[in-house]
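Below: one structure, written as structure tokens.
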Amino acid sequence: MCIRTLHTYPHMMHSSSGALFEGCAWVGQFNSSPRLFLNRQQRVQRNSTRLCRNGEPPHSYYVGVTCKTRHVHVHVDGRKNPNRNLSGFLAVGAVVGSDRVLGEGEVEAFPSICSGKRVVLVRHGQSTWNEEGRIQGSSDFAVLTDKGEIQAETSRQMLLGDTFDVCFHSPLARSRRTAEIICDSRKIEMIPEFDLREIDLYSFQGLLKHEGKERFGKAFRQWQKDAVNFIIDGHYPVRELWARAKACWRKILSHKGQSILVVAHNAVNQALVATAIGLGPEYFRVLLQSNCGITVLDFIPSIANGPPYICLNRLNQTPNSPVTTGQTGGRKARDRIIVVCHGTTGSVSEGQLPTSFDESINMLGRIQSQKTAELLLDLRVSSIVCSPQLAALETAEAIAQVQEAADCLGADCVPRYVEMKHMQELGDMYWGALVQLQKQVVQHGKWQDYLQQDCNSLGETLSTFWDITGEAWNGLTEHLRNLQKNGSNPERNIVVVGNEISNIGLLCHCLGLQKSSIGSFHLDTGSISVIDFPDGSEGRGVIRCLNYTAHLGRWSVPVSRPAMGDEDF
């Protein structure tokens, strides 16, 4: 067996010395040999890791790495015997991974939990001040409009079959009313939490946007362009909000409930999501929250009573199409990348590793592909870029056929050609010998646990896979820039079709994260994730939605799930 890290989730791990580390990766001696994976044979290398003690054979252990000294401290054994003392083992080799030592404040934000929890975040419905374009902040003068009431009712319908143990909500009227509509006849505890109020904007509150520009000029421009450093009345609102979000998580996670509903606001929900997955206030306005949009986070107990592992299951799920022309954070996006997971194959539907084995999509996959193609009729696709594997090709072809036929409804019209490119870097991850072990060690959705294993599987390492998806992301943004330079169409939409792992890699690179973050996100087959570029292809990507499945109808994955046991979690 082999030595590996505690988890791929980008959260805190303790060494035996008590230091805290993020994303610790492989430790050991490197012996490389090329392996064939599609057209990657020049890059796929095997990194063998060995841990020795007096000539004894290696075993499987969890380790932490002191980033300054590059020494190994084994803090827990394998899951069977977490109390065994392994301090006498000797590690040989190098450390690959993050060198950042986490601050104490980050640990305090996430207390250990005894059982798995799912937290469902909902933003309030449209308010009267939303409608007027007035800056609300934490003021409490606005109420839901008729449209906002309908949005809240739609959210109630979306969550009708789901079980919640408790509802935390902002005390402000617009969120309180949304929570009342969603909970309706549910006999659950409803807890108003003052820290869930919207961002405090002080003198800005109550102003129309043009009034803010006129009265505050430079400060208003900073609020729009550099919100993390925006200061007003002696306060840094975004920084204060992030600190408040951490305090909220301590209260939410300390509740005994396993399925928790949180109804709040745009900015505070952004801060909750960002702090959960380790993103700072510089990510404000990068994780979109629409009116009554639903976001789901999973919290999983860690070994040795440490902070929980956290996974963003989905972001901003709404009943409305996420690809219709609209604004992102008040700005219109003319450049967009739509990331599509291919339809279901036999292997994925059987709950095995998320790999297609170059299989064709099954009947469910064909239904998913057709529904995705129909959803994308709301925009004009400029180009389709897909993985070379069969499932992705079939899904991409379904999208292309519907796009091409959409412009050919009359008797004399000519079908529009949609450019389709194959990108080798979007190919499936090579799992090696782990494929033969998957029924024993991998449940569907738990593959993140095993990405950093370095057994004699002759598979890809996380570092190799991360570099390849980075090349794919760079290629896609370059393609988007070329479309902008060469095309006459004012809007450029690239559809990317791949498998869930490579797509998660693309999203991580879009956000500028490290490879250890790849376990912090989840995607389902048939899902779409939308990345807007409101400042053009050279600007920063904004995640409009992640793992969106509402278009799949009765075939979709539930937004939340009934309370489940720890083993199921």
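Yeah, the Cβs are placed from backbone N, Cα and C, and that goes for glycine too.
What TrEMBL records for this protein:
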type	residues	note
BINDING	Arg123, His124, Gly125, Gln126, Ser127, Thr128, Trp129, Asn130, Arg174, Lys209	substrate binding site
ACT_SITE	His124	active site, tele-phosphohistidine intermediate
ACT_SITE	Glu198	active site, proton donor/acceptor
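The Cβ of His124 (active site, tele-phosphohistidine intermediate) has 32 other Cβ atoms within 10 Å, all protein chains considered. The maximum pairwise C-alpha distance among Arg123, His124, Gly125, Gln126, Ser127, Thr128, Trp129, Asn130, Arg174, Lys209, the residues recorded as binding substrate, is 21 Å.
Looking at Glu198 (active site, proton donor/acceptor) and Gly125 (substrate binding site), their Cα atoms lie 14 Å from each other. Around the Cβ of Gly125 (substrate binding site), 27 further Cβ atoms fall within 10 Å across all displayed protein chains. Around Trp129 (substrate binding site), a 10 Å sphere centred on its CB holds 20 further CB atoms from the protein chains shown.
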